[in-house]
Every structure is written in C-alpha cells, then in structure tokens.
C-alpha cells in the first residue's frame with residue numbers, strides 16, 4: 001500500500017510540475033511573439049505560427065491541469081457535461097498541436113526552398129494555404145473526436161469493470177469491436193499522414209542545410225561557416241523539435257499498448273499523460289533558448305526586475 005501511495009504521489013507531483021512549467025513557458029513564448037507580431041509593419045508568418053502553436057499548447061496544458069485535479073484530488077465529482085466537454089476539448093487540442101507542429105515544418109520547408117524548386121511558387125501564398133489546411137484539419141479532428149461526446153460519461157457509483165478509467169469522475173463507455181477498430185484505424189492513418197509529412201519536410205530541410213554547408217566549404221568563407229544565419233538556426237530548431245516529437249510519439253504509443261496489455265487503469269495511464277504532454281512543455285524552451293531576440297528580451301526583463 002505504501003508503494004502504491006508513493007507512486008501516486010510521484011505521479012501527482014510530476015504531472016502538476018509538468019503542467020505548471022509548461023503553462024509558464026508557453027505563456028512567455030506566446031506573449032513575446034504576439035508583441036513581435038503586433039509591433040511589425042509587415043507581420044512575419046513565422047511569428048503567427050509560433051503564436052498559434054504556443055496558444056494551442058497553453059490551452060492544452062490548462063485543460064490537462066483541470067483533468068489532473070480530478071485525477072488526484074477529491075474536490076467533488078463532475079457530472080457528464082463537464083466530463084464530455086473537457087475530455088473532448090483535450091482530445092481536440094492534442095490534435096491541433098500535431099497539426100500546428102506539422103504545418104510549421106511545411107511552412108519552413110517552403111520558406112527555405114530555392115527559386116529553382118517547384119515549391120517556390122507557393123512562397124507568397126503559403127500562409128493562406130497553410131492556414132486553410134490547418135482549419136480543414138481542425139474540422140476533421142472535431143468530426144473524428146465527436147464520438148467522445150457520447151462515449152464519455154460520469155463514473156457511476158456502482159463498481160464495474162466494463163468502464164475504462166479516465167479520471168475519478170469520468171469513464172469511457174465500452175464500444176463494439178467494429179467501432180473501436182474503425183476509430184483506431186482512422187486515427188492511425190491521420191497521424192501517420194501528418195508525421196510522414198513532418199518527416200518529408202524535415203528531410204528536405206536537412207538536404208538544404210547539407211548543400212549550404214558544402215557551398216560554404218567550397219567558397220572557403222569563414223563568415224558563412226563560423227556564424228549560422230537566422231534561417232539555419234531556425235531550421236535546426238525545427239529539426240530538433242521534430243526529432244523530439246517523433247521520439248515522444250513512439251514512446252507514448254509503447255506506453256499505451258503496455259496499458260492495454262496489462263489492463264492497468266491508472267499507473268500506465270499517468271505515465272502516458274506525462275509523456276504525451278512533454279512536447280508541449282519542453283518545445284517553448286527550445287524556441288526561447290535558440291532565438292536571440294527572445295533571450296535578449298528575457299535578459300532585459302530580468303535586469304529590470306533585479307534593479308527594482
């Protein structure tokens with residue numbers, strides 16, 4: 001029993017720490033890029049995508065914090081409406097995060113494409129096309145996740161093994177094998193498509209970086225080889241985030257299938273939640289640390305606070 005209590009406490013501290021740190025980091029990233037976006041005469045699409053991604057991740061972590069409260073604290077039970085609304089919103093925001101990360105990769109691939117490339121003709125209209133694609137994918141996610149509005153219920157008082165644990169107040173109704181297979185296949189195809197798109201765009205950017213490095217070595221230019229351009233730094237940042245995202249996605253699926261295999265209702269579920277929200281927590285730190293103007297803003301703010 002003591003071992004279970006210790007694991008429960010560790011999971012609770014880890015989850016709330018992840019949520020609080022992620023909310024703080026995404027808030028800083030969101031407001032910093034929003035100020036840049038509003039302060040520019042010609043707003044850069046890159047700032048718009050970072051604002052969208054950080055806002056989505058911020059709301060996702062806030063929603064996750066509310067769900068975590070119901071998982072670990074007995075502050076009164078929810079009825080079906082809060083359960084359905086929060087779980088549905090949480091599922092949507094997770095899908096939106098994947099879409100935003102994928103489309104950021106695609107946008108940067110189009111931005112870096114040379115004039116001779118077939119992608120160059122999309123440069124001027126890429127923000128409009130990508131925004132339209134994002135809205136289309138959002139509507140698609142909303143329709144595919146709509147079954148949660150009827151599958152999620154308030155956990156009944158009676159003890160039963162037919163309900164799948166979600167939180168203390170919420171449970172998932174069992175579905176037929178055909179419905180489960182349909183939803184699982186649809187989700188797998190959708191996410192495989194988006195991750196494949198991310199992988200292709202990342203491969204394209206790696207090729208461009210390699211060519212740029214070869215050209216710099218050929219020209220024997222120390223200025224090109226010793227100091228990376230803002231485009232190269234941004235490309236490395238996005239590639240790093242892409243690699244991190246894929247690793248976490250694979251790890252999350254391993255934990256999910258372990259949960260299904262061992263029929264564990266809480267332990268593997270908590271680990272899965274922590275892993276699945278790690279990207280939303282860590283990615284803003286990657287952007288903050290790799291963008292020079294962000295570090296300058298934070299240093300100036302810290303200096304002003306210290307001087308006060």
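All positions are counted from 1 along the displayed chain.
Placement of Cβ uses the backbone N, Cα and C atoms for every residue, glycine included.
Sequence annotations record features per position, and here Swiss-Prot assigns topological domain 'Extracellular' to 1-18, 70-91, 154-188, 258-267. The transmembrane segment annotation in Swiss-Prot covers 19-39, 49-69, 92-112, 133-153, 189-209, 237-257, 268-288. The topological domain 'Cytoplasmic' annotation in Swiss-Prot covers 40-48, 113-132, 210-236, 289-308. Annotated disulfide bond per Swiss-Prot: 83-170, in sequence order. Annotation comment: Swiss-Prot describes 157 as N-linked glycosylation site, evidence class sequence analysis.
In three-state terms derived from DSSP, residue 83 (disulfide bond) belongs to a helical segment. When Cβ-Cβ distances under 8 Å to the transmembrane segment (268-288) are tallied for each of 49-69, 189-209, 237-257, the top count falls to 237-257. In the predicted structure, the topological domain 'Cytoplasmic' (210-236) carries a mean pLDDT of 62. Counting only same-chain residues 6+ beyond the ends of the topological domain 'Extracellular' (70-91), those with a CB under 8 A from a CB of the stretch are 8, 11-12, 15-16, 60, 63-64, 141, 145-146, 148-150, 152-155, 166-170, 270. Remote same-chain residues near the topological domain 'Extracellular' (154-188) are listed as 67, 70-71, 74, 77-80, 82-83, 86-87, 144, 147, 265-266, 269 (criterion: CB distance under 8 Å, separation of at least six residues from the stretch ends).
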